[in-house]
Amino acid sequence: MRERQYKRTASKDYLTGLDREESIVRFHNVAGKESGNPSWSLSLPHILVATVCSFLFGYHLGVVNETLEIISLDLGFNGSTLAEGLVVSTCLGGAFVGSLFSGWIADGIGRRRAFQLCALPMIIGASMSATTRSLEGMLLGRFLVGTGMGIGPPVVSLYVAEVSPTFVRGTFGSFTQIATCIGLIGALLIGIPAKEIDGWWRVCFWVSAFPAAILAFLMEFSAESPHWLLKKGRAAEAEAEFEKLLGGLHVKSAIAELLKLERGEEVDAVKLSDLFFGHYFRVVFIGSSLFALQQLSGINAVFYFSSTVFKGAGVPPDLANMCVGIANLSGSIIAMILMDKLGRRVLLLVSFSGMAASMGLQVTAASSFASESGALYLSVGGMLLCVLTFSLGAGPVPGLLLAEIFPSRIRAKAMAVCLAVHWVINFFVGLLFLRLLEQIGPQILYTIFATFCLIAVAFVKKNVVETKGKSLQEIEVALLAPE
């Protein structure tokens, strides 16, 4: 059995004990510095288990790309653009609902149980989609999968930020974006035979149930977040989890740092109004704005429109999707390497600046100055550059950064609010993109996207602090110093 029995100790009582052993804490602090950073290999297995959730997120985003046409034929709604749109957007609607409750779930039952809970609707929903004989069954299955997708990403960001050693937190945070890219590419590869093999689309949905089940099973053996345990007054258990994640030498200093910060923290339950008024407004505003600007940069419009652009260049849809997936994965790997070297803020600035430049290429391609062949090359190049630069910073950084800058007291619920903003804007960009493209044309539309990218650059310069190499407690003290 994984579970061990601990005597529950109130955080304040535990802290008093630590105060009596102040010399021991100082010794561990010195020892930690002398021995260097804790081993990243201890926390890595727990991070890898959590990123299965990100893989599932990417897989379910991409699973209908190759299969939607065949699904519509088999389920009898071929030719209905409304029905096809519902198959895609119902999942987004479920994700919005799931994200609204994710913070309360993560704070209520813990990070590990939240992962297991998000896996459940993914398993049930995927099974329903794989076996359904009607459009209604498909929509219900997609909605259930969406709720799991909505719960999962905020919890992944929380978990990675809270269990990772400070010096590799950015690198581990990039794993989530890489896993999402692998999920997208995996969905595309598995969906390729769908047009040739009768009923293969059902296999595509069945496949996704297995990693969801693996996630739920392996989370039973993974570490719980020590931050959450301390909030629940389970300090002895938090110390045991820190030992698993950091090694015995670094436990006392880690637990003491958390508990000393908790001394001045309010113990009342967080209300929704607390996130929008007073002390916490600034960090919640920064988080919501980052996710809003991420979506208003036009990245999803680029994904939606990529197959049409590549088709004009004579590239088959399967190969086009693979090119976009490889560009996305390549940028994510580069971000992983640079995250703890250059920092989050630099990557955000480079990313949004690169996306603005890529939108400039799209505007030029749509103008009368470019020849037909030149316009095609500019459009394809701009599209791939946009995906690459997005995955360098605007893709992986916001989720990690927000989990870092939000104080422990509001972290889970503030992440839920910001992800809800993300899903709302994602939905409306997808809904309005083609209509705006028809009414105002690509030049004006891509100029609007480029403008939002430049606004994002200015916003990051003014509001985003660098969190590289700082513990979550140091960041909280810096952003929310007592007034």
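Here, residue 1 is simply the first one shown, and the rest follow in order.
In case you wondered, yes, glycine gets a Cβ from its N, Cα and C as well.
Copied from TrEMBL, the annotated features are:
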DOMAIN    46-468  domain 'Major facilitator superfamily (MFS) profile'
TRANSMEM  42-62  transmembrane segment
TRANSMEM  82-102  transmembrane segment
TRANSMEM  139-160  transmembrane segment
TRANSMEM  172-194  transmembrane segment
TRANSMEM  200-221  transmembrane segment
TRANSMEM  280-307  transmembrane segment
TRANSMEM  346-370  transmembrane segment
TRANSMEM  376-402  transmembrane segment
TRANSMEM  414-434  transmembrane segment
TRANSMEM  440-460  transmembrane segment
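Contacts between the transmembrane segment (440-460) and the transmembrane segment (280-307): present, as 3 or more C-beta pairs lie under 8 angstroms, all at sequence separation of six or more. With a threshold of 8 Å between CB atoms, the same-chain residues lying at least 6 positions outside the transmembrane segment (139-160) that come near it are 46-47, 50-51, 53-54, 56-57, 60-61, 86-87, 90-103, 105-106, 111, 114-115, 117-122, 124-130, 132, 169, 172-173, 175-176, 205, 208, 212, 225, 399-400, 402-403, 411-412, 415-416, 419, 423. Outside the transmembrane segment (42-62), and at least 6 residues removed from its termini, the chain residues within Cβ reach (under 8 Å) are 91, 115, 118-119, 122, 126, 145-146, 148-149, 152-153, 155-156, 159-160, 163-165, 172, 175-188, 191, 208, 211-212, 214-215, 218-219, 222-223, 244-247. Outside the transmembrane segment (376-402), and at least 6 residues removed from its termini, the chain residues within Cβ reach (under 8 Å) are 153-154, 156-157, 160-161, 169-170, 173-174, 176-177, 181, 287, 290-291, 294, 297-299, 302-303, 305-306, 309-310, 312-313, 323-324, 327-332, 334-336, 338-339, 344, 347-355, 357-362, 364-366, 370, 414-415, 418, 456, 464, 467.
Fewer than three CB pairs closer than 8 A are found between the transmembrane segment (280-307) and the transmembrane segment (172-194), and contact between the two stretches is not assigned (pairs 6 or more residues apart).
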